[in-house]
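A quick write-up on the structure given underneath.
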Amino acid sequence: MEIKQGEPLKNHTSIRIGGPAKFFCAPKNIAELNEALAFEGKKIIIGRGTNLLFADEGYDGLVIKIDECCTSLQIEGETVVVGAGVSLNKLVDTLAEKNLGGLEFLAGIPGSVGGAVVMNAGAWGSEIGTFVKWVKVVSYEGEEKVLRQADLHYSYRSSAIAGVVVEAKLKVKQGADLKLIKEYRSKRKAKHPLDLPNCGSVFKNPKPLIAAKLIEEACCKGLRVGDAKVSEKHANFIVNLGQATSKDVLNLVQLIKSRVKKVDLVPEVKVVLE
Ligand SMILES: Cc1cc2nc3c(=O)[nH]c(=O)nc-3n(C[C@H](O)[C@H](O)[C@H](O)COP(=O)(O)OP(=O)(O)OC[C@H]3O[C@@H](n4cnc5c(N)ncnc54)[C@H](O)[C@@H]3O)c2cc1C
C-alpha cells in the first residue's frame, strides 16, 4: 500500500483547510487497512472530511482515509449492510432505486456512512443512530468486533464507538419517499452556503435553542477573521473565502462564543490540532 508523506490535508476536507500529514494512506481493502493500523505511532481515521478542521501545521502522524476499502452495499430484506466508505447520498439514492426508505433525512449530507455512524449524523428530527442495528469495527490493535446498537450509546452528534468503522447494518423500510429526498436536497441548497468551502454546522444546537439563531441574534453574520467568515446565508456555517487558515477559523469560533452570551456554544466540528 502506498503511504504518502506530506499529503496536504486541505485536499481531504470540505472546508479546504489543513497542512501536510506526516503520513497518509487510503487502504484499498481490509488487509491494507490492517496494515495501516499496524503502523507504529499516532493515527487518525477520516472519511470525507466534512466535519473536520485540521491545523495549518498539519498532522504529525498517519492519516487513514476510509473510502475505497469499504464500499459494499447489500440489501437484505428491510435492512442494508453498507460499507463505511459509501457516501450518504449514494446510500439514499441506491435505497430509493430499490424503493426502500427511512433514511431520506440523510439526503444532501456530504459525509460517509462511517463518519455518520460515528457522529450520529442527523437532520430534520432524525438521527442515523436510531436506524443502526450493528456496527462492525476494527480496533487499533487490528481486532474485528461487531457492536450492537445498545453498545453504541448514541446521543446528539455523538456515540461511544472506538476503533475504525468498516461496515454498518441499518434498518430501512418499504417505500422510498422521492419527493422528500428532493425537498431535503433543495432546502439544503437554499439554506446552506454550498458555493463556498465549509464544514457544515460549526456548533451543536444547545437544545431546545438553535445555534444559528443565537449567532444571528448576536449579530455575528458576516463577521470575518482573515478569510474565514460567518456565512450571511446560515449563521452556523463558517465559510472559507479562499485562503482561510485553521487559526482564522478558531479565532472566529472564539469571537462567536464571546458574543453569544446566552449559552456556552459547543463545537460540532472535530478540531484536530496536532
Ligand atoms: C454542507 C454540509 C452539511 C452538513 N449537514 C449535516 C447535517 O445536516 N447533519 C449532520 O449530522 N452533519 C452534517 N454535516 C457534517 C458531516 O457531513 C457529518 O457529520 C458526516 O457524517 C461526517 O462524515 P465524514 O465522512 O465527512 O466524516 P469526517 O469528517 O471525515 O470525520 C468525522 C469524525 O468521524 C471520524 N470517522 C470518520 N470515518 C470514520 C470511520 N470509518 N471509523 C471511525 N471513525 C471515523 C473521524 O475521525 C472524525 O472524528 C454537514 C457537513 C457539510 C459540509
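One-based numbering along the chain as shown.
From the backbone N, Cα and C atoms, a Cβ is placed for every residue, glycine too.
Because the structure is a prediction, the values reported are computed rather than measured.
Among the features that TrEMBL reports, active site is placed at Arg157, Glu268. Annotation source TrEMBL lists active site, proton donor at Ser201. The annotation domain 'FAD-binding PCMH-type' is assigned in TrEMBL to 16-175.
Averaged over the domain 'FAD-binding PCMH-type' (16-175), the predicted model has a pLDDT of 97. Cβ contacts within 10 Å of Glu268 (active site), excluding its own Cβ and spanning all protein chains shown: 19.
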